[in-house]
Amino acid sequence: MKGVFLVTMIILADVFAFPSRKDTLKIMNKKDNLVFTQRNLVQFHNMITCATSRTSADYIDYGCYCGYGGKGKPADATDRQVSPQQKHLCCKIHDECYGRIQNQNSCYFSLDVYTRIYTRDNTCTGCADREGTCERAVCECDGAAAKCFAEKEYNIKYFNWPAEKC
């Protein structure tokens, strides 16, 4: 059953995370150095690609926390963000950030974190929406995760890491 659910999630992620022809037209539409896209997951994918030169697909099932159902001991520094102020996991802080938005009712519906269209500035991870809006909150979560990925070394051996090793 877990396998069927995981396959379903991967298919849905592929459908929603990568641009369609319509999305591509919107991504190419730049106005005042702001980038517009149709879906939030496309925007997160674009942030990751811009900040790391990798795609979001590289982080699905990376280590123990990236992808659906993260748990266990982090596989490496990319799977774990270590700094004096905060010892968190890149993927875990992204999940927790979305959770805070949902719990604080920053967005009207809990699924808004996956679908809300936000406006990026002309940097890889910067946000241009007004402070205090759902769009800004989601953009900041995505930006923090993309920056974290960029700061950590990517090790191919942790891609598709077996859950039993976590």
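Each Cβ is built from the backbone N, Cα and C atoms, and glycine gets one as well.
Annotations in TrEMBL come from automatic prediction, not curation.
Worth saying up front: this structure is predicted, and the values here are computed from it rather than measured.
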Inset, instruction - Name the residue from C124, C134, C139 that TrEMBL records as disulfide-bonded to C127. - result: C139
Inset, instruction - If you have TrEMBL open, could you say which of C107, C148, C166 makes the disulfide with C134? - result: C107
Legend entry - C141 - recorded disulfide partner, TrEMBL, among C90, C91, C97: C97
Inset, instruction - Disulfide-wise, see what TrEMBL says C148 is paired with, picking from C64, C66, C90, C91. - result: C90
Legend entry - Distance from C141 (disulfide bond) back to C134 (disulfide bond), taken between C-alpha atoms, in Å: 11
Inset, instruction - Look up C148 (disulfide bond) in the DSSP assignment and reduce it to helix, strand or coil. - result: helix
Inset, instruction - Return the single residue from the disulfide-bonded residues list (C66, C107) that has the minimum number of other CB atoms within 10 Å. - result: C107
Legend entry - D95 (Ca(2+) binding site) and C107 (disulfide bond), Cα-Cα, nearest whole angstrom: 15
